[in-house]
Structures are given as structure tokens and as C-alpha cells.
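Taking it in order: structure first as C-alpha cells, then the write-up.
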């Protein structure tokens, strides 16, 4: 039982700061002769994060007994983190990954997803689906009637009152009891409580190995699953009192959301890689009408079963579909491994599985791309320099990373590398030898090719040589149609999107590395909203 703390809880433990060795690995013994540059510091920060949250072992193995992290292990660990978070799997501590590790989150370690992980299944095509993860027996309660106690309450900087804490805790427990046979009852005696909720700072308990908190930001809270050999703190949830917890407010740290997440751990759930699930590790802002997402419902019911007497609610009409299911997209672009769908002055972000990453009502496009006009018609990211091109009418705009932190997903500034005597953006597309009113664009990173679509034609730009050739769209993409209104390329496949009066369809094409051409995939077109974006 002595190894259960590390093997089953995936908890944060105190880590040893590492430095970057000359060959790119890090060691706890070497000290740089000179002050490390920002890239080295970012690598140190990233590796510490990987150890802290379960992506790298803290104990040297036979092949790295010196404390060095072999480069192949580091790359694999970084890719696992990026995959779990829905980022582009570069294997490097890039800007997006650096911003991810600076985002406040739960202190419980993430499960490293594999084919045999509980709750993670492979589809018939071999593609992995995002899904919940449970700790599995015996890390669950062996009874349905549970008790809890809020042991203490937070002081400053939190603005939440004791009564508001109690109300949020009741609401958080109700999320889980509505979905299962579990019941939760508040008690006044710690010795009678199955689940204790405790606020504390830094080293906050006397339990050996209980990870200390790290002050504002970083780790918000952590929790312990049942029967996990932590003694008195089994099944408890701890909250960092240095955080500014709030009640029913869009600012600060939502205590309700944080408590509901940690209670999930006390019931035996691990982190999920579904971005909109409650058990996703990274915190979210307050949502007034929050309901337990389906992924979390499936997870908790896989342990305890469904509620035999679910709460009755008055019959209502079906909820309206999400806003993004009802709008027409002017452009769909792949940026930093995420799908950006533009409509009027808003955008929606999705991972490449179609899971929503942004707020359902959308975000202002100028929050990410200053000065960008409404309803851009096309865009693409050029892989070798990370610049992002947008088109509308006769104009184009270029953006580059602003490397701003926060937010998690970068904002972009207008590229200011042109000479002072040259005009700022927008600039005329004819400067790039491109026509006006292009309808879509996609960039094939592996080949350095960019396809610019105009009417029935596809202009193929060689980004390395600067050459351009012209083909009819249906020849460049056999089986496709003319006038695509959106396009992107991901993982060897091109997606062409066609809007119409009733919605939008998409075609999928596989890149043939030998022939250097695309081949249409059978079974297309498909409904963009229902098949790719999971609209009702």
C-alpha cells in the first residue's frame, strides 16, 4: 500500500527545481555558468510542470539515473500534455504551451491517456475519442449516503462569505447527487464527516506528503479519492486560501465551479480531456445556469450508477441550440492547432475533434486580432514563421504572436515589420499577386504550399520559392465543389467547407505524399454543424 499515493492519486508533490543542461536536457546538479535566457527558463518551467502534474516521473530510472531527462522522454511528455489540453502537438515548450502552464488549475495530476485507460475508447477507425477517466476500484465510496463538513472559511483576498461558501457547496454536491444514487448531508463534527472541505495556505495540513499550495494563481485546490491510503485526509478537498474566491461573479475564482470539480475527485474521478467537462483540469469563470456536462454524468454513473429517482422538472421545450449552431460562418481557419470559425464580429474556437473551447456565445474577434474587420472571407497560418493571413474584399491583414500572458490562447498584433514609410494594414491583396474577394485558403505545412480559392480556381502558392500555379478547384481536390467558403489542413487531411442556405457541408481530402496531390475521401460531403461541431 505504500506506493498508492504516487500511483493512484496523481497528486502534486514538492518538486526540485531543475536547470537546463547544454544538450537540452535538464539536471538538478548542474548550475549554468551564466544567467539562463528566457528560452532556458521556459524549458525549466515547462519540465517542472510536467513533473508536477504527472507527465514526467520524479524518480530517475535506469536509463536516466543521473537525474537527466532524455530528450525523447521530454518530447513525449510535452506531446502528452499538449494532446490532453487540445493544443498542437509540437513536442516543444512553445508559446501556447507556456501560456497553458501559467493558467490556474487543479493540483491533481493528469492521467496520461493510453488505449487501455479507463473511460478512453478507440473508434473503429482507430482515432481516439476524448472522454472521461475514472480512478477505478477501490478508489470509490462503498456506500451511497455520505456526510460532509466545511471545516473553515476563507479570509482575504476572497470576497465570498461563509453563507455563500455553504450555498456553493450545497449546489456543487447537488450536481453529483442529481445524477447518481449518492446523497450528501452536512454535519458539524469532523469525525463524522466522510468528506471535509478545508481552506489553507502553503503547507496547510500535518498530513505527510500533502502537497503545499503555491500562493495566488497556479494550483487552486486539490482533493483525495476515497480509500487512497492518505489516512485522515482520504476523500477530502483542500482549497488554496491565497486565491480570491468569489460567489456568482465573473471575476476572481469561481468557488462553486472549483468545489464541484474537487468533489468529483473525492468521489473517484480523474481529470477528463474533454475541454467543456467539469473535470477538465483548468479552471473556468462563473456560469449562472451550470449543469453537469454529459461527459461528467457518464463518468460518475460508470462508478455509482444512475439516480433511480432523478429530480423531476416541469416539462419544457428543448433548449435552444448553441449560438454557433445557428450562425453562418464567413471563414473557418486552423490556427495554432485549433479551428477558428468567424461570423460577423465574433469567432468560436474548437479543437480538431470539434469540441468547443470558447464560450458558447462566441468571443469578439478583435480580442484576438486587433483591427480585424467583420466577416473575414479567408485566412491561414503559415507554419514556418507563424504569421497569420486574413483576407476580405481587396485587402489582407497579417498577424503575429504577441506572446501575451494571460490569456491562455494568444492575442495577435498587426505585423509591424514593414518600413515606416509603408502603410499599415490593411494592404491590397494585389501586392501578393492575389485576386480580390478570395473565398477560402488553406496551408499544407508539410509541403509549404498555400491554396487560395477564388471562384472556380485554386491558386497554389509555393511559400518557399514564391512560385504560383493555377488549377481548377475540382481538379486540385477531386470530388469537391467550386466556391469553398472555408478551408483548413490538419494531420494529413484537407477540409473544404461549403455554406448554403440551410447550413454548411464539408468535404475531406487525404494528402498523397507520393503523388503530391489530394484524394477525396468516401462518405462526403457531411453536415458541418452536426458531424464536425456536434450541433443538435
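Positions of Cβ are set from backbone N, Cα and C atoms, glycine also.
Curation does not apply to TrEMBL; its annotations are automatic.
Keep in mind that this is a model prediction, so the values were computed, not measured.
Residues or ranges marked as Zn(2+) 2 binding site in TrEMBL: 106, 261, 265, 271, 279. If you look up TrEMBL, you'll see 204, 206, 222, 238 marked as Zn(2+) 1 binding site. The Ca(2+) 4 binding site annotation in TrEMBL covers 439. What TrEMBL lists as domain 'Peptidase metallopeptidase' is 137-306.
Projection of TrEMBL feature records onto the structure.
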residue: 106; record: Zn(2+) 2 binding site; Cβ neighbours (10 Å): 24
residue: 204; record: Zn(2+) 1 binding site; Cβ neighbours (10 Å): 17
residue: 206; record: Zn(2+) 1 binding site; Cβ neighbours (10 Å): 8
residue: 222; record: Zn(2+) 1 binding site; Cβ neighbours (10 Å): 23
residue: 238; record: Zn(2+) 1 binding site; Cβ neighbours (10 Å): 25
residue: 261; record: Zn(2+) 2 binding site; Cβ neighbours (10 Å): 29
residue: 265; record: Zn(2+) 2 binding site; Cβ neighbours (10 Å): 28
residue: 271; record: Zn(2+) 2 binding site; Cβ neighbours (10 Å): 26
residue: 279; record: Zn(2+) 2 binding site; Cβ neighbours (10 Å): 24
residue: 439; record: Ca(2+) 4 binding site; Cβ neighbours (10 Å): 22
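Taking the Cα of residue 279 (Zn(2+) 2 binding site) as the reference point, the closest of the binding-site residues 204, 222, 238 is 222. Only 222, from the binding-site residues 204, 206, 222, 439, place their Cα within 10 Å of the Cα belonging to residue 106 (Zn(2+) 2 binding site). Summed and averaged per residue, pLDDT over the domain 'Peptidase metallopeptidase' (137-306) gives 92. Residues 106, 261, 265, 271, 279 make up the record's Zn(2+) 2 site, and a Cβ search at 8 Å around their centroid adds 108, 223, 262, 264, 269, 270, 272, 278, 280, 281 from the same chain. Here the C-alpha separation of the residue listed as 'Ca(2+) 4 binding site' and residue 271 (Zn(2+) 2 binding site) works out to 40 Å. Taking the Cα atom of each, residue 206 (Zn(2+) 1 binding site) and residue 265 (Zn(2+) 2 binding site) are about 21 angstrom apart.
Each residue contributes its Cα atom, and for residue 238 (Zn(2+) 1 binding site) and residue 271 (Zn(2+) 2 binding site) those atoms are 17 Å apart. For residue 222 (Zn(2+) 1 binding site) paired with residue 265 (Zn(2+) 2 binding site), the C-alpha to C-alpha distance reads 8 Å.
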